[in-house]
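Participant: First the structure, then my questions, so here it is.
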């Protein structure tokens, strides 16, 4: 049959459907397309890639001109018509029937002759029905999985979700399915509320995507039209068991640790309070009913659902010797089900927690626990009903005898961390990376002691020897391990006590066994985003922050971890948390980059950067090359060719009495600049440039341009660093002087500057600290979505240029802005300028970290 097959057998519908199909075959017209300014009205959001070989694709709404909605008919094989081959069922999966057991009707059919169809069409012909798997109705279930049909209407930001997987790049080993990896807040999927992370997409309208390459699924979603029907499969949530436990406090209090709560979520999107550790010898361990992963619902008569972490801690502390607990225990799982994607954030082991006991501290620092760390997979927000890793199951389910485990290295390495190796205490598994080879095998457990690796005896090995054995083990690794939770618990307690001793020592005396820095307290500006929920190595409660945030580091004595609090425009936050030190950030980033090299920053102006039309004889390239990028490092000259790794910039608070200049960089900057001046002419203005070009009759000196008397004079001023940027066009010099910018700033207006990133540093040197905002596109597809006249090639060039811009000038940006629409980006920029317009600002400090 042809693609324009009619949706039913009646003559009335045939011609309508065939005509629509013929229209679809007409090629789109491109004659009216215009090549936009590369940094004109365009934007960003879309494709993204994960870590360690995982990938995802954010789905924008349709690129280019909006096409006519597709009217592809559903093909119904009968005894007379031979339709397309039905989709091949995925082995081990049930194939859902889209509309129950009755005949399928094309939803866009306007024909009223359904009775004619039912009389004229025989029942569908089934070949070898015994070989087919049982069908499932949509919005039904088979006990293990639930199937649902979801209809979404494409919004301004597309469908509002990201996907990963496919035959060519499985998101889950041995499963070619297409999985939802992210629901974008405010998008169509989020507003609808039915689609969830880890849902497996089986069908997009009439296209079977249960076993296709990733690009085919992306294409199906892009071409689905404004209304998209999805058939998805998801795991049935395991029911929780509610239990009441009475505990009698002992010398170690209640004997367990907790994490979670409002503002301190243990699992992103979940405010519940979870048990994260059972302390050896404590009341909880002796009672035996509480386990890691249990969810606390109430303490005595106090409800612990949707409360702050501090409230939960206070409720547990303010109890008598006999404590009544109400807990929810996770339900059982189908452990052998390989079609459920792993939950990359369901491990309740290494996140921040607080001990509930009489003498425990609620925070500690230190980097005693040395680890072999492997790259993490992408974070996927979980639900309470995520699969529970094997290492969270009941202790009695695991043998205490040595056992052989065979792991195959993947893109995430082996997927576990080790500790130990001092004084013959043994090598222990301290962390299982969710979704990594160790986790997916289900054989390795936190608390396992590693006895050997590929025949190499590690019973008395040092940490370095064990790490080396694991690193050189090859792709297939045979591990002999023995579950020794008591020994591991004693080791953990020793580490905890040692950390507290060192922390107390460093806090009280400023010295101790930690290698300390002379700087005990300082203010820094973050030059990267940090999400504490994605850091499995945190020794205590972490503090998340974004690029450009000001942090008050109240203790920088440790080499690996600092204590800090956020500084907002309204003052300092009360919450204190742990952040990675500058040294740790740089060490991790260098390990990630490995042999990847970037072009060294030069600080010279490029001829085609921000002055379209200027010749290659761009004047500043020869005369401003002395201005180079500074780094916050004090690295030796032998490393001069390496890019500085952005971590923190020391800052100091300064009072100013002028309106700060504004520099917008990235796609859509011209549109934003124009809108700011148009909407707020009393707040924003532009400065008068200088030129050696002769004045024309209708031009006014000092109003249209500052006309310089001689070329020699302007060349001298450029060499004397009186210009933030200059260039040559048609043998005439043009430039923006520092004095012109200062004149606007001292009148109380923000001077909007259309300059390159090099100007930021020159303004700082002139004590005119600009508000520099970088518009960072989310993806090539998002650029095309915000400017539908762009071709893919044009958007790709703009995206690449933006990435190079960030790489070259990232350390000088005040803030980085992203959004799904121009309006969203514009509103964010206005808010940033408002926040940065006070009389007190944070400026770079000459101090070294």
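The count begins at 1 with the first shown residue.
Each Cβ is built from the backbone N, Cα and C atoms, and glycine gets one as well.
For reference, Swiss-Prot lists these features for the protein:
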type: COMPBIAS; residues: 41-53; note: compositional bias 'Gly residues'
type: DOMAIN; residues: 149-235; note: domain 'PDZ 1'
type: DOMAIN; residues: 244-330; note: domain 'PDZ 2'
type: DOMAIN; residues: 404-484; note: domain 'PDZ 3'
type: DOMAIN; residues: 519-589; note: domain 'SH3'
type: DOMAIN; residues: 659-834; note: domain 'Guanylate kinase-like'
type: MOD_RES; residues: 705; note: phosphotyrosine
type: REGION; residues: 32-101; note: region 'Disordered'
Participant: Over the domain 'PDZ 3' (404-484), what is the model's mean pLDDT?
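Facilitator: Overall, the domain 'PDZ 3' (404-484) comes to a mean pLDDT of 85.
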Participant: Let me check one thing: do the domain 'PDZ 3' (404-484) and the domain 'PDZ 2' (244-330) come into contact, meaning three or more Cβ pairs under 8 Å with sequence separation of at least 6?
Facilitator: no
Participant: Within the domain 'SH3' (519-589), count helix residues (DSSP H, G, I), strand residues (E, B) and coil residues, in that order.
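Facilitator: The counts are 11 helix, 28 strand, 32 coil.
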Participant: Give me the long-range Cβ neighbours of the residue listed as 'phosphotyrosine': same chain, 6+ apart, Cβ under 8 Å, in sequence order.
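Facilitator: Listed in sequence order: 688, 689, 690, 691, 693, 695, 699.
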Participant: Please count the residues of the domain 'PDZ 1' (149-235) that DSSP assigns to helix (H, G, I), strand (E, B) and coil.
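Facilitator: Helix/strand/coil tally for the domain 'PDZ 1' (149-235): 14 helix, 36 strand, 37 coil.
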Participant: What is the three-state DSSP composition of the domain 'PDZ 2' (244-330), stated as helix, strand and coil residue counts?
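Facilitator: Each residue of the domain 'PDZ 2' (244-330) counted once, the result is 14 helix, 37 strand, 36 coil.
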Participant: If H, G and I count as helix, E and B as strand, and all else as coil, what does DSSP give for the residue listed as 'phosphotyrosine'?
Facilitator: strand
Participant: Summarise the domain 'PDZ 3' (404-484) as counts of helix, strand and coil residues per DSSP.
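Facilitator: Going through the domain 'PDZ 3' (404-484) residue by residue, I get 14 helix, 34 strand, 33 coil.
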